[in-house]
Ligand code: SF4
């Protein structure tokens, strides 16, 4: 196994613990570490993490989790689709693309009041963050006043705000930042090499450009991807490597593909062994994400409704500390508030309080 240096473990950690050997590697970070997160991970190091014995990997991930986050707290987010369907992009996993034959009914951008009503309900259900998603390649200038009003209204309720609207130029990012947007979601989805197999209407570099505009405007970044799209472990390594070598996103959603009939990937994977990600591999992906991005919130997103409670519990053990609640994730089914409350109760996990003033310093 490659020797690993996880976020600069204190030198004495190895001296106090059992000595590591190839056969019985000792703890990599048994004392935890809140040092600055590394952005110089190599693919070899990340591959070695994936290869660790499962129990060792879980131990490391949970140690790092406890050193960087409140233990047993899970941040609850609610996601609302504020404009559904008819998206000109061709993301192979998405039922909202015009390329998909999913029978989804397209809707216009919602009214501000209706969005605020949904946010108030989410708050009553315990959500600390309200995420608003629109199926666009990018927002138009005429949409911006409504979007700004939505951000201002949700923020006034004391919730964290998040939006996902497609590509943003610098000016749009600044407008949303000025309105008080806390987070912007823009996923890289998969490894740079696999990107063109999933989406052809934009490039990996387009994604990076929007992420830079968002970060430069002072908005926290929410960026992750999807596993179970038929990709290889090398792609999962490349995906986490891309995330861990940029300024770490504050939130990292890890989705398990929900294969929807009529979508390119849903039809391609149907009735194949690849139609469902192996749960152990999924948990490994979450654990590696926690280790390489120790201070980020790692979010279990789409696909959670089809996971067993045991698998979700392992994901929390691996360092996931955020979930989407509610019955729907944009257009896909989600676990639902009651089920979530039961599961969190069973596991002794409690909701994390919202911190709606956590803006980054905007770049000049
Ligand atoms: S994932 Fe987003 S950008 Fe891609 S097709 Fe769906 S709505 Fe459009």
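Cβ atoms are placed via backbone N, Cα and C, with glycine included.
[2Fe-2S] cluster binds 131, 162, 222 as TrEMBL records it, and from the list 66, 284, 290, 299 the residue named for this site is 299.
Of the listed segments 1-35, 71-105, TrEMBL assigns region 'Disordered' to 1-35. For ligand 1, the binding-site residues lying close by, meaning a CB under 6 A from one of its atoms, are 87; the full candidate list was 87, 131, 162, 299. Around residue 222 ([2Fe-2S] cluster binding site), taking its Cβ as the centre, 29 other Cβ atoms fall within 10 Å, counting all chains. Counting in whole angstrom, residue 87 ([4Fe-4S] cluster binding site) lies 18 from residue 131 ([2Fe-2S] cluster binding site) by their C-alpha atoms. When the Cα atoms are compared, residue 131 ([2Fe-2S] cluster binding site) and residue 91 ([4Fe-4S] cluster binding site) turn out to be 20 Å apart.
Taking the centroid of the Cβ atoms of 87, 91, 94 as the [4Fe-4S] cluster site, the other same-chain residues with Cβ within 8 Å of it are 89, 90, 93, 95, 96, 97, 99, 100, 135. The local packing around residue 91 ([4Fe-4S] cluster binding site), expressed as other Cβ atoms within 10 Å of its Cβ over all shown chains, amounts to 23.
Apart from the site residues 131, 162, 222, 299, the chain places the Cβ of 77, 79, 129, 164, 183, 185, 251, 253, 322 no farther than 8 Å from the centroid of the site's Cβ atoms, the recorded [2Fe-2S] cluster location.
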